[in-house]
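Below: one structure, written as structure tokens.
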């Protein structure tokens with residue numbers, strides 16, 4: 001099967017080039033200014049951006065256990081509609097993938113039900129909430145690509161110390177949800193004047209920064225690859241930057257909502273603005289962008305967390321934490337960062353494809369050269385459109401960005417040479 005993509009602006013080798021791309025079966029076989037061959041499909045890309053498929057190392061597909069919120073089929077549909085060709089799914093499902101048997105079953109289900117490359121996290125501890133460590137070697141052999149207890153922090157230093165020692169031996173990243181539960185105080189948003197004004201319980205910044213400081217010292221001691229999920233505080237960026245300068249093997253991600261939303265935008269008790277970590281201050285938001293631009297934070301990850309309408313109804317006091325993100329990430333980032341000149345589109349592709357693939361050792365992802373697996377995405381960045389809940393492929397419509405006008409709509413997504421999404425019209 002040959003697919004010829006004509007008249008593309010291709011993002012490769014850190015620059016944009018006007019060229020054609022030929023795909024044969026699952027591989028890129030030619031990248032030339034003008035390719036004239038017979039092919040089963042010839043698609044005129046019409047000068048739109050063609051880039052390596054996007055990579056999201058932090059998503060929640062809720063499958064198994066909460067498939068009323070999302071499942072592998074609907075999550076995959078949302079991912080490819082957002083331009084993603086590889087995602088890593090978190091282990092806060094039921095049953096938790098904490099044994100080789102459960103991991104094997106999840107990997108098989110992801111492969112058969114999904115329409116893109118899906119990597120599976122194993123949990124760090126049994127059932128994710130205990131202090132008993134899993135068998136990391138056995139889970140890796142069963143298909144785990146990394147380990148996390150996302151949704152909960154590791155509450156004791158000894159457990160985290162032993163986890164890092166053992167995970168280092170298997171050579172995979174430990175992705176940490178940094179949260180000291182003793183400092184959460186049943187909060188639902190950032191602790192501060194806005195929470196006080198709204199009469200809502202706040203979450204102290206120490207819930208994140210105190211556990212992060214602990215973990216960075218453990219990572220320094222063990223030499224493990226310690227990855228920080230959804231960084232939300234300026235102080236966290238500072239701690240990570242200092243540890244990196246000292247040679248600690250620490251990497252970090254930031255979510256789009258923490259880059260573009262802050263507590264000052266919460267003018268009422270609005271469950272759509274409830275997420276964990278919470279939306280912080282304007283100064284925190286600016287520091288996160290600074291950390292992204294200077295390389296302290298190496299990637300953007302959505303923390304795609306779909307919920308039912310019922311879960312996100314009522315008050316922030318009772319609604320679930322979380323926001324969908326796979327279908328809105330690229331357009332929001334392109335519109336709010338690239339369009340105003342805060343970064344280049346090449347940098348955005350680094351953060352959303354190349355670097356997450358490199359940092360998590362996803363060897364077939366984030367590539368666009370002859371001989372590479374044909375995981376490709378075409379984006380229309382010229383025409384404005386409105387984010388509408390009716391257009392979501394995800395089961396979750398819990399997004400505060402609905403109604404915003406953006407640029408960067410996915411036109412085509414190809415996974416291993418197969419077109420898995422193509423926008424009608």
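Each Cβ is built from the backbone N, Cα and C atoms, and glycine gets one as well.
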- Report the candidate from 25, 270, 276, 361 that shares the substrate site with 60, 61, 62, 92, 307, 321, 322, as recorded in Swiss-Prot. 276
- According to Swiss-Prot, 177, 230 bind Zn(2+) 2; which of 150, 215, 246 is also listed for that site? 150
- Among 303, 311, 372, indicate the single residue that Swiss-Prot lists for the Zn(2+) 1 site containing 58, 60, 150. 303
- Inter-residue C-alpha distance, residue 60 (Zn(2+) 1 binding site) and residue 321 (substrate binding site) (nearest angstrom): 12
- Message: Please report the three-state DSSP label of residue 58 (Zn(2+) 1 binding site).
- Response: strand
- Integer Å distance between the CA atoms belonging to residue 230 (Zn(2+) 2 binding site) and residue 303 (Zn(2+) 1 binding site): 7
- Message: Between 150, 303, which of the binding-site residues has its C-beta surrounded by the fewest other C-beta atoms within 10 Å?
- Response: 150
- Can you see whether DSSP assigns residue 303 (Zn(2+) 1 binding site) to helix, strand or coil? coil
- Message: Give me the count of other Cβ atoms within 10 A of the Cβ belonging to residue 230 (Zn(2+) 2 binding site).
- Response: 23
- Item | For the Zn(2+) 2 site built from 150, 177, 230, further residues of that chain with CB within 8 A of the site's CB center | 58, 90, 148, 151, 175, 176, 178, 179, 229, 276, 303
